[in-house]
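Pulled from Swiss-Prot, these are the features on record:
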COMPBIAS  153-163  compositional bias 'Polar residues'
MOD_RES   Ser13  phosphoserine
MOD_RES   Ser15  phosphoserine
MOD_RES   Ser27  phosphoserine
MOD_RES   Ser80  phosphoserine
MOD_RES   Ser84  phosphoserine
MOD_RES   Ser85  phosphoserine
MOD_RES   Ser88  phosphoserine
MOD_RES   Ser100  phosphoserine
MOD_RES   Lys125  N6-acetyllysine
MOD_RES   Thr176  phosphothreonine
MOD_RES   Ser178  phosphoserine
MOD_RES   Ser201  phosphoserine
REGION    72-207  region 'Interaction with TGFB1I1'
REGION    151-181  region 'Disordered'
Amino acid sequence: MTERRVPFSLLRSPSWDPFRDWYPAHSRLFDQAFGLPRLPEEWSQWLSHSGWPGYVRPLPPPAIEGPAAVAAPAYSRLLSRQLSSGVSEIQQTADRWRVSLDVNHFAPEELTVKTKDGVVEITGKHEERQDEHGFISRCFTRKYTLPPGVDPTQVSSSLSPEGTLSVEAPLPKPATQSAEITIPVTFEARAQLGGTEAGKSEKPGTK
């Protein structure tokens, strides 16, 4: 099956700023595990010192006053968002299939949606940029399997002002069952049948 790139319509508001999402406090992709810097090393080590997988202890109060103490609430909010439910959602109704994905950290020109072999692939990529801490680049790839029977050429996508990418496609309609038809049976009289057979057996010119 050939690869098809899906164009998406932009629903951005005029005031949208593609660089506003570089500030960690406004992150919406932290819980997706792509598009954000790592947590400080000591936080990663502290989270790993748990009794069993998946256990997370309450955040300790900051031990010192200063920049670190001010930054702690911001990281606490980010961590809380990471542990909450994800923002990638698949919805399917009787006649439509839809995927919603938060791509708030990526500009429209950095996003690509395409279909190939019954799979929708969404990719986003930031080229390497320099900030006050150094160089940073971001990228992600998400793949979703289309329901059976969906026409890849009917897949469409749109980008909302809040940075939510929606990819949807109509589902095939169920096959219409043929209506039952009763065929009437006609009966022929014996006399008609006998006369017809006699006429066929008599050859022309013979007596």
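For all residues, glycine too, the Cβ spot is worked out from N, Cα and C.
Feature map: Swiss-Prot annotations on the structure.
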| residue | record | DSSP (3 states) |
| --- | --- | --- |
| Ser88 | phosphoserine | coil |
| Ser100 | phosphoserine | strand |
| Lys125 | N6-acetyllysine | strand |
| Thr176 | phosphothreonine | coil |
Give me the DSSP three-state residue breakdown of the compositional bias 'Polar residues' (153-163), ordered helix, strand, coil. 2 helix, 4 strand, 5 coil
Roughly where does the region 'Interaction with TGFB1I1' (72-207) sit in mean pLDDT, to the nearest integer? 80
Go ahead and report the DSSP secondary structure tallies for the region 'Disordered' (151-181): helix first, then strand, then coil. 3 helix, 11 strand, 17 coil
Quick one: Cα separation, Lys125 (N6-acetyllysine) versus Ser100 (phosphoserine), in Å? 18
